[in-house]
Amino acid sequence: MRRCCRGKVDILFAYLTRRFSMMLLIIFGASYIAYNLQAISSDPLAGLAESTEENAEYLRTSLIRSLNLDVPPPIRYFIWFRGVLAGLWGQFDLGQTRTGISVIEAIELAIPVTIRLVIAATILAIVLGITIGMVTAIRQYSRFDYVMTFISFLLFSLPIFWVAVLLKEYMAIGFNDFLAKPEIPLGFLIPFSLVAGLIMAGIMAGNRRRFWMVFIGVSAGFGALLQYLSLTSWFISPGIGIIGVGVFAFAFAALVTHISTGLDNRPSLITALASATIVTASYFPLQGILTEEANFLTVLAVFALTIGLSAMVGFFVANVDRRVNIRTGIITALLATLPIILDRFMREFSNYMSSDAVSGRPVPTLGQGNELLTPEQQSNFWISGLDDIMHLILPTVALTLISFAGYVRFSRGSLLEVMNMDYIRTARAKGLNERTVIVRHGMRNAMLPLTTILVNDFAGLIGGAIITESVFAWKGMGSLFNQAINSYDQNLFMGVFIIGATLTVTANLAADLLFGVVDPRIRIRK
């Protein structure tokens, strides 16, 4: 047994050593080519050659000395790459920018901004894209499938800068104007309600009679809800309240149970309903914790509390298959707690909107934060967090709309391919119900080809979104890369490039290892 384990460790060590060596060669080759191409295509001294300043010659000499411009690019590259290799023993150095700032310091300031900008959009695109893609595969050739296929191809073909400009015009400027007189006109309410009804009717499979029943019911209900929100000035003073939290909690409980085990599994259903009850009952007690002095750790503690209680319920409800019950309770509690946190942010919206820093126009079109907030407002976790959320809305929606279309197509094609496999027919022949066949056998295996895409997309977060950051005036990695190109700043250019290249090859290695974990058919061989 020990020899077998030792042999597996040796094989894994040899594999990682081989892949790590290949990663270094790839990074070296890619950076060498990029460095020399950038050096050939640009002239850092062009601006100083045309300068009429008295100290132009001094600046030129100083720049040549600091950037080693008197050394040929192929040799200069090895001087720069020596600082990269020094990172192996803790002395990582990417040189200085043209302005004398350390490249590492510039990147350290840009990376958190980029992560804050892109990670929410990426997660939303993944969740929405995979969910809609799976549903379209299950409802193949239905009205919903045709509509979502058209929408995904349409969004996939739209340029991001055009989408961003439209969002600025209608989602920011238009919504801010609407808040001055928050009354929904019938010309908007009726079409919007009909579209919501069409979407839900398309998702729900069934005959023509069921389609029209769902369409009429959802359209009428959605229209009534919008009218109620308009009459009660909800858009000025939004909130969910304990009733809304309860509705969301029990809806999540039914949905999670239906997808996970089926509503006929009484222990799982009881666990989910108990979790929803716990979260709803904790609404008022949690208000004493979610005060103005709260912070991110406080929010995590709230989630940990509700999830822990729900896990205990799942453990004690059933004597067998406790793992499934605990999982159902945890997922239900996680989703049901989100409306409580969202409600707390909403209750600060009126104070935020009426402040002098916002002046009644809460959705900004530029920037990554409002510098006009007072120190008291910045110290308030909910107001400062709400300011971050409002600045994230437009770029997040823009990136999500463009990105999620690819996930829709990938997940749809993957699930359709899996559902035609022999083991799916075997599962059906064994008498398993369709929900079990799709969720446990279909969706799990359909996620395998998406593993590589997901890992690489998360690695690409650091690369930034150049166009989106430019349109919305965010100063992240994309903006830094654009600045390096326009100012002929080679060290800054290579700093961003080497970070992106390293993350890409590392993500490929992680995807291969993860694929071997999730797919038992793949094993590392000598």
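Using N, Cα and C of the backbone, Cβ positions are placed for all residues, glycine too.
The following features are taken from TrEMBL:
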- 12-35: transmembrane segment (TRANSMEM)
- 111-515: domain 'ABC transmembrane type-1' (DOMAIN)
- 117-137: transmembrane segment (TRANSMEM)
- 144-164: transmembrane segment (TRANSMEM)
- 184-204: transmembrane segment (TRANSMEM)
- 211-229: transmembrane segment (TRANSMEM)
- 235-257: transmembrane segment (TRANSMEM)
- 269-290: transmembrane segment (TRANSMEM)
- 296-317: transmembrane segment (TRANSMEM)
- 324-342: transmembrane segment (TRANSMEM)
- 389-410: transmembrane segment (TRANSMEM)
- 450-472: transmembrane segment (TRANSMEM)
- 492-518: transmembrane segment (TRANSMEM)
Could you check whether the transmembrane segment (324-342) and the transmembrane segment (184-204) come into contact, where contact means at least 3 Cβ pairs under 8 Å with the two residues of each pair 6 or more apart in sequence?
no
CB contact flag for the transmembrane segment (12-35) and the transmembrane segment (492-518), at least three pairs under 8 A:
yes
Which residues of the same chain, at least 6 past either end of the transmembrane segment (269-290), have a Cβ under 8 Å from a Cβ in it?
242, 245-246, 249-250, 252-254, 256-257, 263, 298-299, 301-302, 305-306, 309-310, 313-314, 317-318, 325-326, 328-329, 332-333, 336-337, 340-341, 344, 382
What same-chain residues lie close to the transmembrane segment (492-518): Cβ under 8 Å, and 6 or more beyond its ends?
19-20, 23, 26-27, 30-31, 34-35, 38, 80, 84, 94-95, 97-98, 103-104, 106-107, 111, 447-448, 451-452, 455-456, 458-460, 462-463, 477, 480-481, 483-485, 524
